[in-house]
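Here is what TrEMBL records for this protein:
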type	residues	note
DOMAIN	A:23-182	domain 'Cytochrome c assembly protein'
TRANSMEM	A:22-44	transmembrane segment
TRANSMEM	A:64-82	transmembrane segment
TRANSMEM	A:89-112	transmembrane segment
TRANSMEM	A:118-142	transmembrane segment
TRANSMEM	A:154-171	transmembrane segment
TRANSMEM	A:199-220	transmembrane segment
Amino acid sequence: MIPQTPTEVTGPASTGSRATRVLGLLALVALGVLVLFGLILSPADASQGESVRIMYVHVPSATVAYIGCFLTTLGSIIYLWRKSRWWELVAYAGAEVATLFTVITLVTGMLWGRPTWGVYWVWDARLTSTAMLLLLLLGYLAVRRLPADYEVRAKRAAIVGLLLVPNVMIVRKSVDWWRTLHQKPTLLSNGLDSKIEGLMLFSLFTGFIAISLVFGWLIVHRFRLAWLEEQVESEGLDIAIAERRAEALIGEVAP
Amino acid sequence: MNWGYVIASWIIVFGSIGAYSVATVLRGRRLSRQVPPEKRRWS
Amino acid sequence: MVHLRGAVALLGRFPALAGVDLDIDRRRIVLLRGPNGAGKTTLLRTLAGLVHVSEGEAVVLGVDLLTDRRSVRQRVGLLAHTTGLYDELTVADNVAFWARAARAERSDVDAAMARLGLDGRLRTVPVGRLSAGQRRRTSLACLIARRPELWLLDEPHAGLDQEGRDLVDQLLREATAAGATVILSSHELDRSLQLADEVVTLSGGVATRDS
Amino acid sequence: MIRDALLVAGKDLRLEWRSRVALNQVAPFALLVLVLFAFALDPDRGLLEKATPGLYWVAVLFSGLLALQRSFSIESADGNRDALRLSGLDPAGIFLGKVMAVGLQLLALEVLLGIGVAVLYTTPITGWILLLVTAMVATVAIAAAGTLYGVVAAGLRVRETLLPLLLLPVLAPVLIGSTRAFEAALGGTPSEGWPWVGLMGVIAVLYIVAGVFGFGPLMEES
């Protein structure tokens, strides 16, 4: 992931490298194992029935979404502190991948809710704070993708990114308080806490491994893509200075 | 009886991750051509 | 007072200054000239500490602009095309706000307004209702109340009447007599050449000194 | 820093006083929102009464958003950012000054809306201490967060649309907290309201600190 000194002069013509190919292969194998255990080998839950299988992808997705947010805040802090563009791009990659997994978390949560609660949406504390998380991430991405100079975008986005994790914590706390005053239907306390064992636990574990590998692979590729985007933007600065100086020479010849 | 929701969730998970991955990789390939090799410092 | 060596300044990705060399001593009046787009305005904004110098050397009033731009800002006075004045506030409120922000004394504020002829009926007129020349006078009043060590003026004569232009020249001579340094750009060449001690021509983001 | 803050706050309030935009446009808008709620929720069915605290704070939030937009549109004149950077004002002072000015305008709006709610929705007012403390803390939180995100969006063509997107999700906990605290006060169980005041206090402090340290970098480079 760290841009290193070139080992060969001709770099790869994509965002891939030997390391990411190994990582990608591992992720694919893990996903295969996850399908095998999550959909075929593990039994249905006594109380939830088959819909417990949604948990094996839902819970890991929620976890990596939070990890992505954490990367965004961490990257933003280091960018503001050290002026490190590298970390700024990590923050950007983290936010975008986190957005993907937040959407996945929301959709799978709703699809789990329909057979369990009979409706797609209830104002469950976790579901609500995940929706708020999505809105906060979209705000960050809106600033980061502003049509403006890199410095302007990066600095403003970094302030928003810096406050992302504190905001997520405050929103979660407030939504928890807000809901728990009335009822307590959260995904985990309703389903998995009590009698999870054996193959089901192993399936969930496989889910964490597989989704984490996918997350890592996506972060590396998205980071490298952001790196390329930035290179394309700053490309040709030397040429621009030379052209500007040439203007001066022409000016001297023609008085 | 809930298999429909299970399959739908898994398809959405695998589909969206797959689509995002493909988009990222393809865009990476396209941009790579515009950047000189010495600035793509990974191997 | 001012020392630039190969200074590059970017506006976005455009190199508005493409390696400027410039040395200016204290108490001098220096005229910048050059065609539109030569980098005059960017040079003045750079010297005021508003634009980031990405390459080369840049020292203004003994402060290195590459490491510290903030401490220069309070000590210079920039008269730009844009005024930064609040349209809905009166002339007196505007001058008082900007001058007191720079820690000017109340008496300096009144003196500056009197000097620019803003002490009469104009005091209580909202800036939004002023003519271009009157706005320029208001900006100048804000500037002289701050007593800057380095005056940076982007076409100070533009929009002023005959009397106003004479007043500007007089203010600049007084400023240098009091120990300040002045750099101005102007298209009023006859008037400015009389006023200036030195002339620097900018073209394509590069400076050359006229002998 | 405090001196600069007072200078900026004084300037903003004087400008508001001279232009009277808050008085002539924002205040009537706030009252209009109250009337619209009454149209949407039939006043005879008791819905309005139950929802009063929530409606009140939604009205504060939306009219406060207008006041915030206004507070940044006066700084959007050509060259204003340059002038502020050259002025010698401490960026933290500018931030605090704008927070003060926006906060005072919000308080005025809240008083007006409070009178409006009491009269139009015939809400009996109880639990004064909790009501006042909630209003103060929520106002500081809204003004501080609004000013910080206001400058993130400032100077861009998309300013008017970007600010609500950034600000409203962040203020959702303030809306929840202030509404619950008001319900507790009006329902005669003030002890349930104080934890919410604490939560809003945390938000207010977070944004004051972030603004004091973040305003300087945000004023540069744009």
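Yeah, the Cβs are placed from backbone N, Cα and C, and that goes for glycine too.
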Among A:22-44, A:64-82, A:89-112, A:118-142, which stretch has the highest count of C-beta pairs below 8 Å with the transmembrane segment (A:199-220)?
A:22-44
For the transmembrane segment (A:154-171), distant same-chain residues with Cβ under 8 A (at least six beyond the ends):
66, 69-70, 72-73, 75-77, 79-80, 85, 88, 91-92, 95, 129, 132-133, 136-137, 139-140, 143-144, 146
I'd like to know the mean pLDDT over the domain 'Cytochrome c assembly protein' (A:23-182).
91
